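Peer 1: There's a structure below that I have some questions on.
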Amino acid sequence: MAERFVVTGGNRLSGEVAVGGAKNSVLKLMAATLLAEGTSTITNCPDILDVPLMAEVLRGLGATVELDGDVARITAPDEPKYDADFAAVRQFRASVCVLGPLVGRCKRARVALPGGDAIGSRPLDMHQAGLRQLGAHCNIEHGCVVARAETLRGAEIQLEFPSVGATENILMAAVVAEGVTTIHNAAREPDVVDLCTMLNQMGAQVEGAGSPTMTITGVPRLHPTEHRVIGDRIVAATWGIAAAMTRGDISVAGVDPAHLQLVLHKLHDAGATVTQTDASFRVTQYERPKAVNVATLPFPGFPTDLQPMAIALASIADGTSMITENVFEARFRFVEEMIRLGADARTDGHHAVVRGLPQLSSAPVWCSDIRAGAGLVLAGLVADGDTEVHDVFHIDRGYPLFVENLVSLGAEIERVCC
């Protein structure tokens with residue numbers, strides 16, 4: 001049954017919140033366990049819908065998956081199946097990350113084109129091109145990515161764009177290829193570094209993680225391991241932006257602030273007081289936020305996943321902000337819902353110009369994806385009256401205990417069955 005959130009605006013948020021493991025990391029780590037026969041253990045798994053969905057994908061490939069709280073125990077078989085069917089894959093985008101491990105381990109893969117968030121075109125061209133350079137035949141056939149290889153051999157691979165997904169799929173195939181693979185213009189996101197750390201624990205030889213050039217020396221086989229997922233920087237930043245919007249005071253634990261330096265700098269520019277430790281940060285906002293300009297870019301730039309929250313912040317800031325989207329072209333669909341809440345915003349190509357108002361007005365709004373949903377809830381926190389946020393299953397895919405955490409911070413929000 002469909003559910004919605006009812007958010008009553010006007011409360012100042014304060015307190016402490018701890019974030020769990022990163023959604024953008026755990027799903028790739030789960031897929032990587034297919035590379036080694038035996039049982040791998042992943043800890044600090046977030047309580048989000050996409051984790052059991054990925055578990056179903058892996059079970060369909062012959063793995064045994066046990067989810068126990070924040071622990072996932074995954075036993076990969078000696079001969080995994082190579083066909084990830086549409087029923088399991090269609091529900092979320094990250095399911096395509098089994099492509100690289102299957103090509104690496106089975107030398108063949110058939111993965112249905114994935115579903116997921118409606119934030120614009122995210123083609124698999126770079127994934128396919130990279131796998132072809134490693135020696136695989138890779139094409140789209142009947143709605144599936146189909147790859148076959150006699151052997152995989154290392155190659156020099158130049159990515160047109162530092163795509164996270166392409167970097168990860170190429171990486172997970174290259175770790176068991178013959179010879180040396182170099183990925184130029186590789187994605188530098190902390191989630192990619194986390195994957196490299198786990199692969200090296202499994203016996204891979206990956207150098208340069210977190211830099212634009214990654215070197216992978218292939219090994220014959222990998223072994224199972226135990227690994228702890230890094231903290232979710234996107235969830236953590238969402239709480240920091242919530243503090244700034246509500247003129248609140250929130251301490252966020254369980255995340256490395258080094259993964260969020262540009263975001264925290266922007267919050268400082270908006271007038272917040274930001275303090276940091278090795279594994280936490282605190283955002284305190286006393287006055288109305290100041291307008292700031294934001295341009296999304298691959299890491300270490302401002303994350304595209306936080307663009308909706310940046311627009312929500314700009315909508316009540318003092319002044320006019322320009323938000324530029326350089327990653328996903330359709331992410332500005334969110335602006336239409338913000339206008340329903342009274343925001344003074346307009347889009348022009350990949351720019352959104354937002355003139356801040358003292359307060360938004362409540363209205364029914366609809367989530368189109370995980371981050372847009374979170375942005376709408378933050379907007380509801382500063383709107384006059386009760387805002388109804390619909391299609392909140394999107395939010396549940398990326399934010400563990402979202403309502404419970406908001407309530408603990410002083411928000412007035414409830415989940416209602418429609």
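Along the chain as shown, residues are numbered 1 onward.
Every residue, even glycine, has its Cβ placed from backbone N, Cα and C.
Swiss-Prot feature annotations, pasted as is:
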{"type": "BINDING", "residues": "Lys23, Asn24", "note": "phosphoenolpyruvate binding site"}
{"type": "BINDING", "residues": "Arg93, Asp305, Val327", "note": "UDP-N-acetyl-alpha-D-glucosamine binding site"}
{"type": "ACT_SITE", "residues": "Asp117", "note": "active site, proton donor"}
Peer 1: Whose Cβ, among the binding-site residues Lys23, Arg93, Val327, has more other Cβ atoms within 10 Å than any of the rest?
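Peer 2: Of the binding-site residues Lys23, Arg93, Val327, the most buried by Cβ count within 10 Å is Lys23.
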Peer 1: Compute the C-alpha separation of Asn24 (phosphoenolpyruvate binding site) from Arg93 (UDP-N-acetyl-alpha-D-glucosamine binding site), stating it in Å without decimals.
Peer 2: 11
Peer 1: Across all the protein chains here, work out how many other Cβ atoms are within 10 Å of the Cβ of Asp305 (UDP-N-acetyl-alpha-D-glucosamine binding site).
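Peer 2: A count of 25.
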Peer 1: Expressed to the nearest Å, what is the distance separating Arg93 (UDP-N-acetyl-alpha-D-glucosamine binding site) and Lys23 (phosphoenolpyruvate binding site) at their Cα atoms?
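Peer 2: With the alpha carbons as reference points, the distance is 12 Å.
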Peer 1: Tell me, how many other CB atoms lie within 10 A of the CB of Asn24 (phosphoenolpyruvate binding site), whichever protein chain they belong to?
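Peer 2: Other Cβ atoms within 10 Å of Asn24 (phosphoenolpyruvate binding site): 25.
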Peer 1: Whole-number Å only: compute the distance from the Cα of Lys23 (phosphoenolpyruvate binding site) to the Cα of Asp305 (UDP-N-acetyl-alpha-D-glucosamine binding site).
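Peer 2: For Lys23 (phosphoenolpyruvate binding site) versus Asp305 (UDP-N-acetyl-alpha-D-glucosamine binding site), the Cα atoms are 12 Å apart.
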